[in-house]
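Per Swiss-Prot, these features apply:
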MOD_RES   MET1  N-acetylmethionine
CROSSLNK  LYS5  SUMO2 cross-link
CROSSLNK  LYS7  SUMO2 cross-link
REGION    36-90  region 'Disordered'
COMPBIAS  36-55  compositional bias 'Basic and acidic residues'
REGION    127-209  region 'Disordered'
MOD_RES   SER135  phosphoserine
MOD_RES   SER138  phosphoserine
COMPBIAS  163-172  compositional bias 'Pro residues'
MOD_RES   THR167  phosphothreonine
MOD_RES   SER182  phosphoserine
MOD_RES   SER202  phosphoserine
Amino acid sequence: MFPVKVKVEKSELEMAKARNQLDAVLQCLLEKSHMDRERLDEEPGKTSLDTHNKDCSITATGKRPSARFPHQRRKKRREMDEGLAEGGPQRSNTYVIKLFDRSVDLAQFSENTPLYPICRAWMRNSPTVRERERSPSSPLPPLPEDEEGSEVTNSKSRDVYKLPPPTAPGPPGDACRSRIPSPLQPETQGTPDDEPSEPEPSPSTLIYRNMQRWKRIRQRWKEASHRNQLRYSESMKILREMYERQ
């Protein structure tokens, strides 16, 4: 009789426990519907996702919620409303994504935001911290037309935003000639018909003649490059003075 009595007591305890869990679930559903209706009446634009998560966590324990639970939820909702009011309307909308164990709130950026601020916020890994909007850098002040000529003379005492243009290479269409020298004409030695022709030169003689010609061509290229650099002498002077000021 003793084992049978223990089995009966165990079944009664399980039945009482199941009834308590059922009562807790029903009571929680009633309070949830009441709070959802109250929230919809007060704040029609907000959802009750947080309330649902809290209710589910309570029902999972199988205990009856306390009598002060609605009061705590109202207090929590009041604190959230105050936080939203202090943070401004921009904190109400969030779109947080998680990528490689780091999170970023994309709702704070617009379609024209560069990629670098988004990467910087992702590296910070703080979705609740908003990226401060930086004012665009001021453009360079326009240079008046009457000051372009005096820019070279006053380069020591003022900032330089524009270098003077190079001098004209010469007549129109000679810009290419200032960089490329004129070709060197080959040396031809004509022989009269009545004189016998010279024998063919040896390879060493040909190499010597070609080396002399190559040297003259290289010297002509050096002279053309030097003449072209002289066109930028004013700009080089300004850059040299800026370097010496440092």
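Every residue gets a Cβ built from N, Cα and C, even glycine.
Predicted, not measured: the structure shown is a model, and the values here were computed from it.
Between the modified residues THR167, SER182, SER202, THR167 has the most other Cβ atoms inside 10 Å of its own Cβ, all protein chains included. For the pair the residue listed as 'phosphothreonine' and SER202 (phosphoserine), the Cα-Cα distance reads 49 Å.
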